[in-house]
Amino acid sequence: MWKLLLWVGLVLVLKHHDGAAHKLVCYFTNWAHSRPGPASILPHDLDPFLCTHLIFAFASMNNNQIVAKDLQDEKILYPEFNKLKERNRELKTLLSIGGWNFGTSRFTTMLSTFANREKFIASVISLLRTHDFDGLDLFFLYPGLRGSPMHDRWTFLFLIEELLFAFRKEALLTMRPRLLLSAAVSGVPHIVQTSYDVRFLGRLLDFINVLSYDLHGSWEKFTGHNSPLFSLPEDPKSSAYAMNYWRKLGAPSEKLIMGIPTYGRTFRLLKASKNGLQATAIGPASPGKYTKQAGFLAYFEICSFVWGAKKHWIDYQYVPYANKGKEWVGYDDAISFSYKAWFIRREHFGGAMVWTLDMDDVRGTFCGTGPFPLVYVMNDILVRAEFSSTSLPQFWLSSAVNSSSTDPERLAVTKAWTTDIKILPPGGEAGVTEIHGKCENMTITPRVTIVTPTKETVSLGKHTVALGEKTEITGATTMTSVGHQSMTPGEKALTPVGHQSELPGKKTLTPVGHQSVTTGQKTLISVGYHSVTPGEKTLTPVGHPSVTPVSHQSVSPGGMTMTPVHFQTETLRQNTMAPRRKAVAHEKVTVPSRKISVTPEGQTVPLRGEYLTSETGTHPQDG
């Protein structure tokens, strides 16, 4: 018997280290149904097998009690949303309260006394159980900022602790599964330092949704990508940096969920001819036909935009952008989604969060690649692959250019580049210049050298592409995506500045048709931040970043170092979703005493009395 238990334990350990049991957390907004025509989405339009957790955004608050935003939510949308669990009994649903437009004042009032918090908690349990939700998501943007007093940082912790205590007590009394508790948090370092005690949040919450997007947008004077996977060492604005920062501060990796947007941020260019990354911008581009927000396009709107646009790929950020005339959009597509999914698996994070499910191409009518083309990629890599008996899809994936460490060994990047690629039609077929063919099981070695989150550095030499069992010297820049065709923009081999490539015949070629700019004196990227809840109708910029523009469209990473990680690729299957095993196993945690206060210096002091006062000055409202 003990041998059987030992074997089962070993299997579970190996499964954990293989990255299994990833969460795919998807938000659905209660204003999705109000979009016109084919963009109007109701809960019954959603695929219940795509995500492990669905979160309904948002509930509101009245008189320190959680309430539905309107009667339609409670009478129609809540029941329809939770009815999805009849089709997938492993699906978990949560109700989120807050959001950008919600502000902070009602949170502050509710948090201010123990009696107010008790009243709120009782209303939460009642509402969740009445409508068959499995948990609560706290979307408080942000404790200690935007008009919230500094002591909200600690009263927010008290609320979370008291919610968890009440959820456990209710579960014991009713013999029902305990209600889940999650929170959406900023990925921007100065907001994290002001608003959160990371270790306590990591101990108490079931999972933490890191908002690792909205890192650049039309509130800035130069173009930048909304959600780059990686960035240069001097620039903390990337998804990888945000996730590593939370982990460095003590949050458990398995509880950290990386936020990924199904929308793009747009800019209006000063000059149509100056249309690269860090090009001068004069504001937001035109609103989308369905979302109707300047500076913002849902993915299903981006599919229409890129038909007549020129599409580009940012090699060191692993994300695309497109421009048409004076309009510019940075966004995520199926390729960048796959890179982000593999980054999550490789780094053993808890999973991915999608904002939002309803901004993907829900019915497959806009992009021509089937329903949910973005979220399907994430599901395929994070959820379905874990239970598949076939070999997992793999490809070369570089490590992060930047990390949360300031170790100079890990910040040895002085150059970066981008490479333009041809437009990819929504049908999934790649536009190529000479070669047009579908390549599967292709291994790509990126032409850059970059810094890893660990201290491992590897310099790449030749550009190689492995097809099956063969390895060849490439004569072109080759890209492949899961379910997409490969592209060969030209017949000449392009070599980054500072590297040489040996081709047959011992000829050495350097890049043709690309400008390379050495940023040895450091390239400064925007350091401002605009905090929003994407998709809401009022977006308020916080602060105005200052940037030093880089006047190029393409730069070369000759001095970068990189640790390649070997994976394989496979073609995406169609959107027939297979049932999955149990999605989540929640750990038991020890609840600390409610009579504590955590100071900014990390000291723990006892609190007395029911009311909380603080002598700490209010932090400037820099968002």
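Glycine is treated like the rest: Cβ placed from N, Cα and C.
Within 10 Å of the Cβ of TYR142 (chitin binding site) there are 26 other Cβ atoms, across all protein chains. Residues or ranges marked as chitin binding site by Swiss-Prot: LEU71, GLN72, GLY98, GLY99, TRP100, ASN101, TYR142, LEU211, SER212, TYR213, ASP214, TRP355.
Sequence annotations record features per position, and here Swiss-Prot assigns compositional bias 'Polar residues' to 613-623.
Positions annotated as disulfide bond by Swiss-Prot: CYS26-CYS51. Around the Cβ of CYS26 (disulfide bond), the number of neighbouring Cβ atoms within 10 Å comes to 26.
Summarising the annotation, Swiss-Prot assigns domain 'GH18' to 22-385 and lists sequence analysis as the type of evidence. Averaged across the domain 'GH18' (22-385), pLDDT in this predicted model comes to 98.
Swiss-Prot lists ASN402 (among others) with the feature N-linked glycosylation site.
Under the heading N-linked glycosylation site, Swiss-Prot lists ASN441 (among others), citing sequence analysis as support.
Taken from Swiss-Prot, the feature region 'Disordered' covers 539-558 (among others).
Summarising the annotation, Swiss-Prot assigns region 'Disordered' to 594-623 (among others).
Taken from Swiss-Prot, the feature signal peptide applies to 1-21.
Remark: GLY98 (chitin binding site) has PHE58, PHE107, LEU138, PHE139, PHE140, LEU141, ALA184 as non-local neighbours, by Cβ distance under 8 Å and separation of at least 6 in sequence. Residue annotation for chitin gives LEU71, GLN72, GLY98, GLY99, TRP100, ASN101, TYR142, LEU211, SER212, TYR213, ASP214, TRP355. The furthest Cα pair among them is separated by 32 Å. TYR142 (chitin binding site) falls within neither a helix nor a strand when secondary structure is assigned with DSSP, and so counts as coil. For CYS26 (disulfide bond), the spatially nearest entry among the binding-site residues LEU71, TYR142, SER212 is SER212, judged by CA separation. Rounded to a whole value, the Cα-Cα separation of LEU71 (chitin binding site) and CYS51 (disulfide bond) is 27 Å. Separating the Cα atoms of TYR142 (chitin binding site) and CYS51 (disulfide bond) is a whole-number distance of 27 Å. Residue pair ASP214 (chitin binding site) / CYS51 (disulfide bond) shows a Cα separation of 22 Å.
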